[in-house]
Every structure is written in structure tokens, then in C-alpha cells.
Amino acid sequence: MLLLKQYRCQLCRCFKVVRNRCNDSHDSAICTASATPTYPSSVVSSVPVLTATFLRAKINESGRDLQYRRTFCTSVRTAADQKKLGDAVDMSVYPAENIRNFSIIAHVDHGKSTLADRLLELTGTISKKSDNKQVLDRLQVERERGITVKAVTASMFYTHRGKKYLLNLIDTPGHVDFNYEVSRSLKACKGVVLLVDANQGVQAQTVANFYLAFESDLCIIPVLNKIDLKFADPEATANQIKTLFDIEKEDILSISAKLGTGVNEILPAVIDRIPPPQSDLEAPLKALIFDSWYDQYRGAITNIAIIDGKLRKGDRITTAHSGKTYEVQELGIMHPEQVACKELYAGQVGYMIAGMHNLQEARIGDTIYHQNKEVEPLPGFKAAKPMVFAGLYPIDQSEYLALRSAIERLTLNDSSVTLSRDSSPALGQGWRLGFLGLLHMDVFNQRLEQEFNANVIVTVPSVPYKAKMKDTKANRQQYGDNEEITIYNPSLFPERQQVIEYMEPLVLGTVIAPDEHIGKVFSLCLEG
């Protein structure tokens, strides 16, 4: 069993999987035929898809343990050989006026990922297959839960009225717990497709996402989805959009992302309505890091938007926050997988590998410029405000360092999580983490287990409280001159005799309801 160093990819069933990723980019139809198995024939014939759990059990029988990662292949359903495509792509043929950067925003389960699938098929970015479902949802937790938790970029090539366009699509989450992903993604865009379910109508996150885009002064293209459903009411939903957002009905598109009905009208609308990025190719390099994640073989990989200038492989760059200098090792676009290219130009969006290793070096919202050619830093992103806090401890204190490394790498990909050291007399050394909600906390812990094989103890979540302290000598010694303190850890709650009053968080909410129900809603609010 010592030969079991590789296992089949659960998506394309190829044998070229090393730890957690398929080390080739190839069409799934030829994976099995082109690969050379490294298993004993008896194992291969008896187990069509060998999972990591099975492998770990077999290794443990011989007294050895296998540190595995999630089974995941980066060559999911791509329409062309990525290496050949990378050699053929010349990004210089797409000037800023032929580029459109846009996001799809919507309430949860209104069809964002399905629409993204149809747009990728329409542009030939992926081949048309019946099993194209949530192509951009790459995390295991996303596929298991059927939700999007990470914003994902995909570059598409599209010809409209005889001109070739580069369309950079960002598919965003819909849950309020991942709203920080949406706000970050909008910084790299000039417009959005606001998707609304014609069956459910305008929902809470529809309103929240609309105002995020509106406050960012982005072009908003409203689209009614799921018009094929039996109880869909496009006319009533269009009236809601007109009333709430002051958008004319003539500007609203109607589609069925599932069936593909009307989807071909979206990209022409994106090109005609959304303005190109305001960029200067001749200016010094200025780029924004709007996302990042960690690869165990290549280090930190950053998603960047080139604001001005151009960036080449081999360039020496500096980050404004840390002041450190790096050499660009790899540059490319997401199509939707990583496709390397030689240069990225003003207005374009892509990925970069430059030898960064941690959250401090690949800081989301940081500005990149050429070495010794300093530019004014971009505003960056407003820090996320955590709503829920919980303690996180390793089951075995001997795993503390491994867990610390896993948390640091995961927070590189999810910068909305706040992190501070903590300790417990019963549980030992650990961390106090802040999340945007209970779902956010649950997904973070699930990703720790799936992507880093980390077994942890999570304490009961709590919200922060404030306390107005009495002016005593003991309080001044412990809390300084602070009359009011914020308590994130229940174990640090001050004694009642030291406090004038405690304060708990309140939510300022807006209730949107039809006129005929206002009276009953008002009564319910008063009773609550």
C-alpha cells in the first residue's frame, strides 16, 4: 500500500492528482486514457473512484498516517487545452475601451452561478455539457451546500458588432454572511448585473447589494431570472424594481438561466451600458489586490486589477503596505482556470504569483507598483466588522503550530475573519476569531477540516458587549483611562460591582412591505 501516493480526481477521474490538485490542465474526456495509474491493479479495478477517506483508512492499517487534502481538480470542464490557450492569448489586443469588468449580484438562490455557467458557455469559455452546474463554485463546501461563499473571476472573450471584447466576470455570494466578498469584488468593476428571481421578487440581499453598487456609482443592469417557473410573475417583480430602485421597466431584461432563454441579450447589454475601465496605459504601474489564496506548492496567489500601466512576468514590484519587493514569477488570467500570459495591461484583471507567503505580504486591498516607481496608494477596502466571536482550539496542543499555519493560510483567502490569540485553562492555547455570522463561522470551520485536515474545538459563539466602568483605582490600573470597554470574550467579563452599566448590540433594520400589510407589520414590531 505504500504505492498509494496518488488517487483519482472525483471530478474528472484522472490519476494525475498530487495531494489536492490535478497537476495537469486537460480535457476531462482524455484524463483516464492519458494517465498512468500508480495503484495495484486489484485496487483500481475494485474501486472506480478512490476517495481520500478510503486511502487514509488503508494507510492506517499499516501503522502509517496520510496527510491528505480535499480531492479537487483544476481542469474542470474547460473547452480548450489551457497551455495552448496561454501561448495563443495576446492581452495587448484588448485595449481598455474593449474591456468590461462586471459582477453578478443577487439574493441567495436567485440563480447567479447558473447564469455564470450560461455566460461561460455562450462565450465558448467552457464546452456546453448537461452537467455544467456551478462551474465557478470550486470549493468542496460550495458544492456540498449548493451555495457560493467565495467571489470568483472568469475572463471571457466575446465578439460584438465585429469587435473583440474582453469581459471579466465576477460571480459573487448571495448570503449576507459573505457580503464582504461582494463589496470587495465591486471595487474591481464598473457595472453589475442585478439578478432578481421573478418567482420570489425583490429580497433583502437584493436591496443590500443594489445599494452597494449604487453607492459605488456602478452601472446597474436589472435582470429577471426564472421566468420559466409556473408561478413566476415578471410584471409584478418589474414593478417592485421600478418602485424600490427607480429603474425603468424598459431597462429590465427577462431570462431563464436554467434553460438559456434570453441569456444572449445580457452580454450585448453589458458592452453597451457598462463603461470601460478608466485606465492609462502610459502611466506608471498601479494595481489593486482584490483577492488572494494559498497554494501549497506556489505560495500566495493574488487576483489583481491593473488600474494603470502594464505588468510583465519578471518585473520587480513593491507592495504599498509592507514595502517589500518581489519578482513576478507568473502572470495570467482566469479562463476560468489559470491561463498564463506574458503581460497584463491597464484595465485588465488577472492573477499573479510573486513569492508572497502570508496574509501580511498578500494583503487584500493593497496597491502594487514597480520597484522605485512609487505611486499614490489606492484607498483599499473598509475593514469588515465581525458580528460573532468564537474560540478555536486544537484538540491536541501538539498540533498548535500546524493549526496556526492552516488558519493563517485560510484567512489569506478570507480576510473578513479577525484573529487574535487566546488561552483557556481547560483547552490550552488557541485563538479568538470574529465572523460575519453563524453561517460564516460554520463554513470557515468546515473549510479548515476539508482543506487542511484540521480537527478543532469551537466554543459557543457570542456577540461583543460594552461596559461603562466605574471610576475606581482598580479599574484605572486594569483598563487605563477608558470609561467604556468592549468585551469580546465572556471569560473577561468584568465584575458587576465594577460596572455602571452593560450594553448589548442592537440592529437598526429596515422593513420593506406592501402598503396593505403595513399596519400588521407595524403592530408586530411594537409587540417585539
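For all residues, glycine too, the Cβ spot is worked out from N, Cα and C.
When secondary structure is read from DSSP and collapsed to three states, ILE227 (GTP binding site) falls in the coil class. The Cβ of ILE227 (GTP binding site) has 19 neighbouring Cβ atoms from other residues within 10 Å, across all protein chains displayed. Marked as GTP binding site by TrEMBL: 106-113, 171-175, 225-228.
Annotated domain 'Tr-type G' per TrEMBL: 97-278, in sequence order.
ALA106 (GTP binding site) carries a strand DSSP state (E or B). There are 17 other CB atoms within 10 A of the CB of ASP109 (GTP binding site), with all protein chains counted. Predicted-model confidence for the domain 'Tr-type G' (97-278) is 92, expressed as mean pLDDT.
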